[in-house]
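Chemist: Residues or ranges marked as substrate binding site in Swiss-Prot: Asn75, Asn148, Arg155, Asp156, Arg188, Lys189, Trp262. Summarising the annotation, Swiss-Prot assigns Fe cation 1 binding site to His120, His125, His157, His161, His301. Per Swiss-Prot, Fe cation 2 binding site is recorded for His160, His269, His298, His302, and the stated evidence type is similarity to another entry. The phosphoserine annotation in Swiss-Prot covers Ser203. Per Swiss-Prot, the feature motif 'Histidine box-2' maps to 157-161; the stated evidence is a curator's inference. According to Swiss-Prot, the motif 'Histidine box-3' annotation covers 298-302. The annotation topological domain 'Cytoplasmic' is assigned in Swiss-Prot to 1-72, 119-217, 264-359 on the grounds of similarity to another entry. According to Swiss-Prot, the transmembrane segment annotation covers 73-93, 98-118, 218-237, 242-263, on the basis of similarity to another entry.
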Amino acid sequence: MPAHLLQEEISSSYTTTTTITAPPSKVLQNGGGKLEKTPLYLEEDIRPEMRDDIYDPTYQDKEGPKPKLEYVWRNIILMGLLHLGALYGITLIPTCKIYTFLWVLFYYMMSALGITAGVHRLWSHRTYKARLPLRVFLIIANTMAFQNDVFEWSRDHRAHHKFSETDADPHNSRRGFFFSHVGWLLVRKHPAVREKGATLDLSDLRAEKLVMFQRRYYKPGVLLLCFILPTLVPWYLWGETFQNSLFFATLLRYAVVLNATWLVNSAAHMYGYRPYDKTINPRENILVSLGAVGEGFHNYHHTFPYDYSASEYRWHINFTTFFIDCMAAIGLAYDRKKVSKAAALARMKRTGEESCKSG
């Protein structure tokens, strides 16, 4: 939505949200709807410190032959071995102890929140603010997930939003399901990804000591938190077999977290409906949201990347929003940005798929 259509309702309490509400009534009437005027319209974005996650429709791929794919054989081999180990882990499920299942569930949710509430909604999009204890928790959880450090993940994700479905999009879904799911990690980046990624403003990430600390010590952190700890805890504390601890609690769990995240890039860009903006590829996909703890409302998210819920409906199939709201209730999260129902409905009427329009 253009910046001049945004309105900010400012609250002095850190436990409330900053609401992006309705555009001017004349705009709504042009779109077929009517809403009352609101008292204040801002000329700037709801997040004046952030611009580079807003879709740029003016960017077009360069004409000419596409560069030849360069395979990264190290990644191909490691991903292959990981998924073979995960498949073997499936066969061990009947022999695992109940405490191991609970441990895997705990580690899955921690890893998922490190991606969704952490690197995605906090650091990539700055949709809310977090106090130091919460940021430390999320940086640890993000390291447990092992999906690149916060700096690199955020850079790629901002490029994905700004140059979506072009060669400058790191996991461009127009290159097919496999490429957008995992293939983009198995080949060298397209030159356009490097070129346009270098133009993004990442000063907020560079200025955050915690983010740069993680980046500096990422390899030993991942070795400890993604592989050693989840293997040793069940083996040492409740006598799980080392085989089950390694292949089920570690490799299978890690592979499932990876694929749940990847489905947001692949399935949620191809399968589902587009109630908010039919001109973009991202879709609403409930199944993806189940696995990715709330990240499947993707048409909404690409339309309103500044909404901390990444969804119109807050807690509906969205554990991440529930978690952030709990953190706000105890004072660890604040300044949550939320698009109002009026603004979402206005956008739906203007650009949504006809079958999704209502009211």
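Keep in mind that glycine also has a Cβ here, set from the backbone N, Cα and C atoms.
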Chemist: Only counting partners 6 or more residues apart, tell me which same-chain residues put their Cβ under 8 Å from the Cβ of His302 (Fe cation 2 binding site).
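Modeler: In sequence order, the residues whose Cβ lies under 8 Å from that of His302 (Fe cation 2 binding site) (at least 6 apart) are Tyr55, His161, Ser164, Asp277, Ile280, Pro282.
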Chemist: Could you name the residues, excluding His120, His125, His157, His161, His301, of the same chain that surround the Fe cation 1 site, i.e. Cβ within 8 Å of the Cβ centre of those residues, in sequence order?
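Modeler: Those within range, site residues removed, are Asp53, Arg121, Ser124, Arg158, His160, Pro305, Ala310.
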Chemist: Summarise the motif 'Histidine box-3' (298-302) as counts of helix, strand and coil residues per DSSP.
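Modeler: Helix (H, G, I), strand (E, B), coil: 5 helix, 0 strand, 0 coil.
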Chemist: Do you know the DSSP helix, strand and coil residue counts for the topological domain 'Cytoplasmic' (264-359)?
Modeler: 42 helix, 9 strand, 45 coil
Chemist: Using a Cβ-Cβ cut-off of under 8 Å, list the residues of the same chain that are 6+ residues beyond the ends of the transmembrane segment (218-237) and lie near it.
Modeler: 97, 99-100, 103, 107, 140, 143-146, 149, 244-246, 249-250, 253-254
Chemist: Report the same-chain neighbours of Lys189 (substrate binding site): residues 6+ apart in sequence with Cβ closer than 8 Å to its Cβ, ordered by sequence.
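Modeler: The answer is Pro170.
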Chemist: Mean pLDDT, the topological domain 'Cytoplasmic' (264-359)?
Modeler: 93
